[in-house]
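A.B. asks: Structure in structure tokens, see below.
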Amino acid sequence: MSKKKPLSQGQLRRMRANHEKRLNRDSGDKNTPELQDSSLGPEQSGTVISRFGQHADIETEDGHIVRCNIRRTITSLVTGDKVIVRLAIESQANSGIAGIVEAVHPRHSSLSRPDLYDGVKIIASNIDQILIVSSVLPSFTTQIIDRYLVAAEDTDIPPIIILNKIDLLTPEEAPAIEEALKRYQDIGYPVYKVSSKLGEGLETIKALLKDKVSVFAGQSGVGKSSLVNALLPEAELLVGDVSDNSGLGQHTTTTAKLLHLPSGGDLIDSPGVREFALWHLPAQRVGWCFIEFRDFLGGCKFRDCKHGDDPGCALKAAVDAGKISEDRFNNYHRIIASLDEQRHARQFRAQSDE
């Protein structure tokens with residue numbers, strides 16, 4: 001069987017355009033009337049609290065939350081965006097739509113993840129810090145932490161590592177987990193341990209969140225929603241159990257939502273993901289996002305060094321000298337190895353949808 005030729009850039013653009021048309025057609029509410037300009041009031045500022053297809057919940061200047069249509073000229077709107085809205089002079093009670101989003105202010109930061117169709121998809125914006133939540137159950141893994149750290153470094157959003165469910169930590173597991181967390185502290189990442197169930201460490205987390213816009217990131221089952229509920233009980237987010245069969249958490253939060261904390265600051269709770277794909281990043285960028293590698297990058301004997309068993313590799317020499325952790329070095333190679341696999345999966349998906 002002959003191998004399929006890679007898709008051209010033109011084919012990829014047409015595929016994405018057709019996909020966007022399908023999304024707009026499927027998500028458009030034919031029963032929702034368009035708001036006419038004559039029925040709209042003056043422009044005012046607002047913040048996107050949550051996005052639902054072609055609608056968004058907007059917090060207005062006076063603190064009210066209203067559901068608005070989104071102008072078709074707006075190609076990207078996510079939770080955390082600062083926007084210009086116009087509210088309907090007379091509320092359309094039957095539709096539940098109270099206004100329209102006219103424009104989006106420039107973002108000072110954004111958190112993105114790769115999308116099989118659209119390349120890179122922004123999932124939240126105007127974020128001051130990322131709280132990377134890991135836990136004892138599902139089993140603690142540094143691979144997921146390192147993927148989120150790469151994403152944070154790539155977007156230049158300061159990360160904080162949170163270990164949740166420490167009430168489940170056994171004496172047998174504790175030494176290895178403590179050693180792994182210390183490696184992150186040694187290279188400059190702040191690490192905190194909490195138990196959302198027992199309330200341990202929550203006051204420290206509240207202080208970290210004060211006067212900032214934060215986002216919780218982490219795989220399903222690590223207790224992000226439970227942690228949010230402990231910090232803000234009135235949020236009433238759904239909480240899922242850990243699957244008995246797989247040990248993986250059930251997806252609970254269904255859409256990113258911005259929440260106000262009584263102690264000050266905002267929190268964006270975003271849907272959990274089982275793996276944070278990074279195939280949109282070139283290998284050189286991934287290496288730069290491992291912050292302890294930076295002093296050694298460019299010091300290899302050969303410019304095309306793969307940082308494996310290549311002779312004269314500065315990174316490998318740093319690992320051997322104890323200047324770079326072997327675990328982090330191995331996770332770097334796991335990420336690099338996954339890049340081609342994920343790119344191939346995207347291309348296969350694209351070809352299948354033709």
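Cβ atoms here come from the backbone N, Cα and C positions, even for glycine.
What you see is a predicted model, and the numbers here were worked out from it, not measured in a lab.
Got these off Swiss-Prot a minute ago, pasting:
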- ASN164, LYS165, ILE166, ASP167, GLY218, GLN219, SER220, GLY221, VAL222, GLY223, LYS224, SER225, SER226: GTP binding site (BINDING)
- CYS300, CYS305, HIS307, CYS313: Zn(2+) binding site (BINDING)
- 17-32: compositional bias 'Basic and acidic residues' (COMPBIAS)
- 33-46: compositional bias 'Polar residues' (COMPBIAS)
- 108-276: domain 'CP-type G' (DOMAIN)
- 1-46: region 'Disordered' (REGION)
A.B. asks: Nearest to SER220 (GTP binding site) in three-dimensional space, by Cα, is which of the binding-site residues CYS300, CYS305, HIS307?
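C.D. replies: Sorting the binding-site residues by distance from SER220 (GTP binding site), the top entry is HIS307.
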A.B. asks: Using a 10 Å radius around each Cβ and counting other Cβ atoms from all shown chains, which of the binding-site residues ASN164, SER220, SER226 yields the largest count?
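C.D. replies: Its Cβ has the most other Cβ atoms within 10 Å: ASN164.
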A.B. asks: What mean pLDDT score does the domain 'CP-type G' (108-276) have in the model?
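C.D. replies: Reported value for the domain 'CP-type G' (108-276) is a mean pLDDT of 83.
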A.B. asks: For the binding-site residues ILE166, VAL222, CYS300, CYS305, CYS313, which one has its C-beta crowded by the most other C-beta atoms within 10 angstroms?
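C.D. replies: Result of the Cβ crowding comparison: VAL222.
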A.B. asks: Comparing the binding-site residues LYS224, HIS307, which residue's C-beta has the most other C-beta atoms within 10 angstroms in this structure?
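C.D. replies: Max Cβ neighbours within 10 Å, all protein chains included: LYS224.
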A.B. asks: Whole-number answer please: how many Å between the C-alpha atoms of CYS300 (Zn(2+) binding site) and LYS224 (GTP binding site)?
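C.D. replies: Each residue's Cα considered, CYS300 (Zn(2+) binding site) and LYS224 (GTP binding site) end up 41 Å apart.
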A.B. asks: By CA distance, which of the binding-site residues (CYS305, HIS307, CYS313) lies nearest to VAL222 (GTP binding site)?
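C.D. replies: Comparing Cα positions, the candidate nearest VAL222 (GTP binding site) turns out to be HIS307.
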A.B. asks: Once CYS300, CYS305, HIS307, CYS313 are set aside, which residues in the chain still have Cβ within 8 Å of the Cβ centroid of the Zn(2+) site?
C.D. replies: LYS301, PHE302, LYS306, GLY308, ASP310, GLY312, ALA314, LEU315, LYS316
A.B. asks: Of the binding-site residues ASN164, ILE166, GLY218, LYS224, SER226, which sits closest to HIS307 (Zn(2+) binding site) by Cα distance?
C.D. replies: GLY218
A.B. asks: Where does SER226 (GTP binding site) sit in the DSSP three-state scheme?
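C.D. replies: Once the DSSP labels are grouped into three classes, SER226 (GTP binding site) ends up as helix.
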A.B. asks: How many neighbouring Cβ atoms, not counting its own, are there within 10 Å of the Cβ of GLY218 (GTP binding site)?
C.D. replies: 26
